[in-house]
């Protein structure tokens, strides 16, 4: 279907607009509420979910889309059979977020009946930690994944993750000093540009062209204290990300700053040899926003469609993060100590071993919990 979608994407937009218009007119006369292609702006707290993407047939792993589809059916936006077969409503998510990962600005595209008070009705059938914050009409051939040209993620972590293993206190009383923050930012800056990230994901070889990814910016903001624990937020904007890529990018910087790995490992990880890159916990990762710069330039001001920008929704997004996302990250960190426990696994990693030794080790420790979707949504999601 990818090829068909692509043909449709690049196909004759204008002819299709006219055809769509004719079809829509005919439909208008048949039905009170015709089907229209729309995008929904979604925010959710991902704790307790096995990621965004629905796994039809494995109901024991609840995903965000399970709840969304059921709300769409119950509110009368889509017929019941579209729930079973999501292709029927041309459903497409912008990013397949991992197990436990949250979103403040996820975008999905789909065809729905535009009923009255549609947002209110869908939200009435959703749990409070999943909200639809906005809706816009889009072109008939719009596909939220293919049309998205960049994604911004944030990662919120307790700053003791950066405490040096030999001469800093390793728990909540730790406070990040200016020099360490500068060092963290110097390292994060190294990721800017295009690199071969085959060591930052599973199942990709060093010569796989899709392992090359383009990072536009990455930095760590000023620390702040919540409930006596100091946190900081790392922001990263890239064209697209592979499974586990962001968590591994952050994991490697933590390993360097804590003193487990030499700085030279960064350069080495982009080379062809296999490098053991630790994967930071999923808890702090949030899909902040997705960017449609090309689409906005082409259709945003054509008089028919509105640009996919959400300035009016910014306030609602901020409130949702304060209410649902940040408290969940802070409380889970306090109760389950996901970062603290993960930091204890860093000494087990071998940051100097050769590829051959690593392959032997990997064979012995195939971990089933790695099948989680992708951090972002590179070529390998879907």
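Glycine residues also receive a Cβ, built from the backbone N, Cα and C atoms like all the rest.
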TrEMBL annotation of region 'Disordered' - which of the ranges 1-33, 34-66 it falls on: 1-33
CB contacts for residue 153 (substrate binding site) [other CB atoms within 10 A, all chains]: 27
Spatial separation of residue 153 (substrate binding site) from residue 98 (active site, nucleophile) - C-alpha basis, Å: 12
Protein Cβ atoms within 10 Å of residue 98 (active site, nucleophile), excluding its own: 25
Local confidence of the prediction over the domain 'Pseudouridine synthase I TruA alpha/beta' (191-293), expressed as mean pLDDT: 96
